[in-house]
2 protein chains.
Amino acid sequence: MTSSPIERTVFVVSDSTGITAETFSNSVLSQFAQFEFQAVRIPFIDTIEKAQAVADRINQCAQEQGQQPLVFSTLVDPKMAHIIGAANCTFLDLFGAFVRHIERALGVKSSRSVGRSHSGGMSKRYNNRIEAINFSLAHDDGQYVNGLEQADVILVGVSRCGKTPTSLYLAMQYAVKAANYPLIPEDFQRGTLPATLAPYRKKIFGLSIHPDRLSEVRNERRPDSKYASVEQCRMEVAEAERLMRMEGIPWLSTTTKSIEEISTKILDDVGLDRRSY
Amino acid sequence: MTSSPIERTVFVVSDSTGITAETFSNSVLSQFAQFEFQAVRIPFIDTIEKAQAVADRINQCAQEQGQQPLVFSTLVDPKMAHIIGAANCTFLDLFGAFVRHIERALGVKSSRSVGRSHSGGMSKRYNNRIEAINFSLAHDDGQYVNGLEQADVILVGVSRCGKTPTSLYLAMQYAVKAANYPLIPEDFQRGTLPATLAPYRKKIFGLSIHPDRLSEVRNERRPDSKYASVEQCRMEVAEAERLMRMEGIPWLSTTTKSIEEISTKILDDVGLDRRSY
């Protein structure tokens with residue numbers, strides 16, 4: 001009935017960072033577009049005392065606003081979860097809702113140990129991620145071509161089509177060593193891939209972008225330059241797509257996709273095995 | 001009873017990337033350490049036909065293995081979720097489990113629209129993230145000091161203590177413009193912060209690390225160098241911590257923490273408002 005969004009407070013409570021719970025809550029709450037949610041993330045709740053303090057905060061919020069806040073929790077410890085659940089709120093227990101179901105399916109009790117899901121800074125998987133980030137940084141924008149044989153994937157595309165953030169995301173999220181290499185007018189004149197890349201054809205993946213969007217992005221960096229002009233962008237994109245088609249390189253358009261979506265599609269397409277998972 | 005881990009197949013099915021569902025499933029399943037889970041992520045399931053194909057795959061897996069796989073789903077469309085749920089599996093419906101509860105709390109029906117949670121490549125929030133990544137890259141390792149006034153946070157610490165991956169994570173996950181600046185022996189001799197940083201004291205946050213761990217990390221990069229020696233690392237860390245104490249800079253140790261944990265603690269400590277959320 002009303003056109004201005006209705007405000008609701010959302011608490012995200014976790015014994016760890018709360019990042020997963022917050023991402024999940026954003027995703028579910030996006031289905032209620034008529035509301036404007038004010039999220040309060042409360043991480044590292046790992047004692048009964050801290051849980052009690054959060055419950056007090058939730059109760060105070062409920063009283064002040066005259067309505068129950070939504071509370072997403074990934075607390076593993078059932079005592080702490082119970083304390084939060086007893087507060088004046090709509091309690092959404094992400095961990096508890098599934099762990100019993102899984103216990104039944106597997107025929108065992110869960111360890112219910114706080115901190116188990118945090119690999120910390122010393123695990124193999126963590127070291128792989130850091131190594132991949134360093135690799136992707138060193139091999140950003142073709143600046144360093146030694147070691148390309150170690151790359152899991154090499155992204156190519158015109159300047160500012162999304163190669164750098166995608167490479168970094170692949171490294172950070174998936175421990176994938178992602179190099180990236182720009183396609184520039186010299187490549188289009190020659191009509192072939194840069195010679196440096198020729199031995200690695202199988203791991204090359206292309207990114208493209210709509211010329212109008214590319215022009216927007218480039219204009220932010222170098223306003224009113226030839227580099228940012230729609231004509232130049234149109235030419236470069238057309239040439240890059242022609243080159244990728246000729247060389248048989250798979251590619252996708254980044255225009256309306258997030259880094260997460262682009263990265264997921266690349267992993268699928270290149271058939272990269274997920275590591276350490 | 002048996003000491004070798006029991007294998008179980010886990011499907012993660014999503015109409016989007018499945019990244020949230022997969023992170024969540026890893027976290028919950030880490031509570032069942034006696035099992036070894038083989039995760040199969042199946043993203044972009046956005047038609048009835050695709051959902052039916054996934055159900056067939058799940059049924060085949062159940063038959064071949066003689067046991068029901070676990071299936072985590074974030075499918076928004078109830079028809080698609082129903083198709084997967086009817087397969088021979090333990091169905092864990094992350095979306096369905098909470099959406100009804102939230103509908104009751106808010107007194108409205110959800111839009112149940114697929115794709116709503118994906119902001120795509122054009123939203124304000126997405127642009128802020130990309131801008132932050134570019135900023136953090138340009139201001140990595142003190143390489144570019146212009147524009148530090150735009151930084152949300154400036155990380156300082158000795159070489160290889162974790163500044164770069166943390167800066168990039170803050171940018172990518174939280175759209176936080178995180179610069180980083182190394183503390184080097186010259187700073188310790190002078191006994192003050194680099195002059196460049198003096199105007200921005202309030203947004204400076206320090207990272208430290210145990211000298212043994214630092215020596216390990218540096219040895220991977222430059223084996224058997226003075227730079228990587230335990231003595232050198234011990235000296236640099238002690239001096240950096242002394243400097244940070246004297247200058248009143250808040251800091252934390254990265255030794256046993258993941259990038260996610262470090263970043264969350266920094267956000268908490270610096271009191272950075274979460275943007276666009």
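Indices start at 1 and increase along the chain as displayed.
Every residue gets a Cβ built from N, Cα and C, even glycine.
A quick note: this is a predicted structure, and the numbers were derived from the prediction, not measured.
Some features that TrEMBL has for this protein:
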BINDING   B:GLY157, B:VAL158, B:SER159, B:ARG160, B:CYS161, B:GLY162, B:LYS163, B:THR164  ADP binding site
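The structure, with features from TrEMBL marked on it.
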{"residue": "B:GLY157", "record": "ADP binding site", "contacts (Cβ under 8 Å, 6+ apart)": "B:LYS163, B:ASN180, B:PRO182, B:LEU183, B:GLY206, B:LEU207, B:SER208, B:ILE209, B:ALA240, B:TRP251"}
{"residue": "B:VAL158", "record": "ADP binding site", "contacts (Cβ under 8 Å, 6+ apart)": "B:PRO182, B:LEU183, B:ILE184, B:SER208, B:ILE209, B:LEU214, B:CYS233, B:GLU236, B:VAL237, B:ALA240"}
{"residue": "B:SER159", "record": "ADP binding site", "contacts (Cβ under 8 Å, 6+ apart)": "B:PRO182, B:ILE184, B:ARG218, B:TYR227, B:GLU236"}
{"residue": "B:ARG160", "record": "ADP binding site", "contacts (Cβ under 8 Å, 6+ apart)": "B:ILE209, B:LEU214, B:VAL217, B:ARG218, B:ARG221"}
{"residue": "B:CYS161", "record": "ADP binding site", "contacts (Cβ under 8 Å, 6+ apart)": "B:LEU207, B:SER208, B:ILE209, B:LEU214, B:THR254"}
{"residue": "B:GLY162", "record": "ADP binding site", "contacts (Cβ under 8 Å, 6+ apart)": "B:LEU207, B:ILE209, B:THR254, B:ILE259, B:ILE262"}
{"residue": "B:THR164", "record": "ADP binding site", "contacts (Cβ under 8 Å, 6+ apart)": "B:ASP140, B:ASP141, B:ASN180"}
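For B:LYS163 (ADP binding site), the number of other Cβ atoms no farther than 10 Å from its own Cβ, over all displayed protein chains, is 28. Taking 8 Å as the upper bound (exclusive) on CB-CB distance to chain A, the binding-site residues B:GLY157, B:VAL158, B:SER159, B:ARG160, B:CYS161, B:LYS163 give none. Reduced to three states, the DSSP call for B:VAL158 (ADP binding site) is coil. Listed in chain order, the extra residues whose Cβ falls within 8 Å of the Cβ center of the ADP site residues B:GLY157, B:VAL158, B:SER159, B:ARG160, B:CYS161, B:GLY162, B:LYS163, B:THR164 are B:ASN180, B:PRO182, B:LEU207, B:ILE209, B:THR254.
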